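Asker: According to TrEMBL, the feature domain 'Amino acid permease/ SLC12A' maps to 47-378. Taken from TrEMBL, the feature transmembrane segment covers 50-69, 157-178, 184-204, 282-303, 335-360.
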Amino acid sequence: MSSEENKYDASSLEKHPEPDVHVVADRKHKFDVAEIDCVQRRLKQRHVQMIAIAGTLGTGLFLGSGKALSGAGPLGALLAYALVGSVAYSSLCSIGEMTSHAPISGTFPHFAARWVDPALGFAVGWNYFYTNVVTVPVEITGAQILITYWDSNPNHAGIYTSIIIVFACATNILGVRYFGEAEFVFSIIKLTMITGLILVGLIIDLGGAPGHHRLGFQYWKNPGIFAGAGLEPNNITLDRFLGFLSVIVQASFSFQGMEIVAIAASETENPRRNIAKAVRRVFYRILVFYILGIFVTGLIVPYNDTSLLQSTGTAVQSPYVIAMTRAGIKVLPSIINAGVMTSAFSAANSFLFCSSRILYGLALRGQAPKIFTKCTSKG
C-alpha cells in the first residue's frame, strides 16, 4: 500500500477530516463501493455521540449486574467488567480507526474482506448479521416482559409486542435521521437513569436513606469480596476463580453493541472527525457508568442476597431496586422499570439497524442477494 493511501493515520484523523466522500476500491471485484452506495449522511455529531452511549448502556448493566454480583462478588464483578471493558474498548479503537479511514457501508465485514480475504469478510458479515437479526425478537420480548411489571394480563402481551415491532420498524424504514433522533432520546433517558441510580446508591451506602445506617464497605467484609461458583467446594480459590470466569461471559454480553457507532459511519456527517471523537469518549463512559455502576451495586447489596437470583425479567431483579425497596423508597422501582423498558426497546431498534446495514453492505459486495441493495429516497 502506498504512502498516499496511508496519509490519514490515527493521529491525523481530526486534523484532516476531509474528504467526506468515501471511495474505497475493491480490488477483488473491480468496483468502488462509493459509486453504488446509496445511503445518505443524515447523522449529526450529537446523534453519533448518543448512539455511542446507547451501544454501551443497556439491560446488561441495569438488570445483569445483579447476577454478576451474585456470581463473583463485589470485587470479582468489578474486575470482570473492568477486564472486558478494556478489551472491548481496545477492539472499538481498532474498528474506529479503520472506520474513520474508510467510512463505508459494511464496515468491519468489508475491512476483513478487503485487507484479509473475501471469504473472511463473507463469514464475518453473515455471522454478525445472524447475531443481530435473532437478537431483535429477544429484545422485543424482553421489552414486553418488562411491561408485565404494570400489566400482567397475558391477553395484552400480543398488543404490546405489536406496538413495539411497528415502532422499531418505523424508525428504521423512515430514514436514518429518525433512527438517530430516537436513539438520541433513548440515550438521554439511559444517561439520566444510570446517573440517578449511582447517586441514589451512594446516598443509601452513606446512610442517607430514612431510618438506615451507613453501610460503607460492610458487604465487602461480610460476606466478602469474592463469591464462588459452587463447583469446587474443596478448593475455595479455584471456585472463586471459576465464579470470576463465569461473570466475564456475562460482562461480554453487557458490552455488546459498542460497535454500532462504526456501523453508522457511512451515514454520518464528516465521519473522519465525528467517529474518532465518539470512539475516544467511549472510554470515559465505560469508566464512569459501567465500572462505577458495578462498584456501587457491590456496596449496597450483599452478593449472597437471594433476591439477586430472581428471573422475572423486570426491574425487580436489579440490585438497585432491591436496595431501594429495602430502604423504603417505593416509587423509584417503577421509574427504573420504565427506563429499562426503553433500554430494551432501544436495543431492539439498534440491532435491527445493524442487521439491515450489514446485509446492505454484503449485498454491495455481491455476497448477498442484489435486492438488498435497494434504498428508499431517504437512504
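Just so it is clear, glycine is given a Cβ too, placed from its N, Cα and C backbone atoms.
All TrEMBL annotations are machine predictions without curation.
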Asker: Mind pulling out the one from 157-178, 184-204, 282-303, 335-360 with the most Cβ pairs under 8 angstroms to the transmembrane segment (50-69)?
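Answerer: By Cβ pairs under 8 Å, 282-303 leads among 157-178, 184-204, 282-303, 335-360.
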Asker: Can you tell me which of 157-178, 184-204, 282-303 gets the most C-beta pairs within less than 8 Å of the transmembrane segment (335-360)?
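Answerer: Stretch with the highest Cβ contact count: 184-204.
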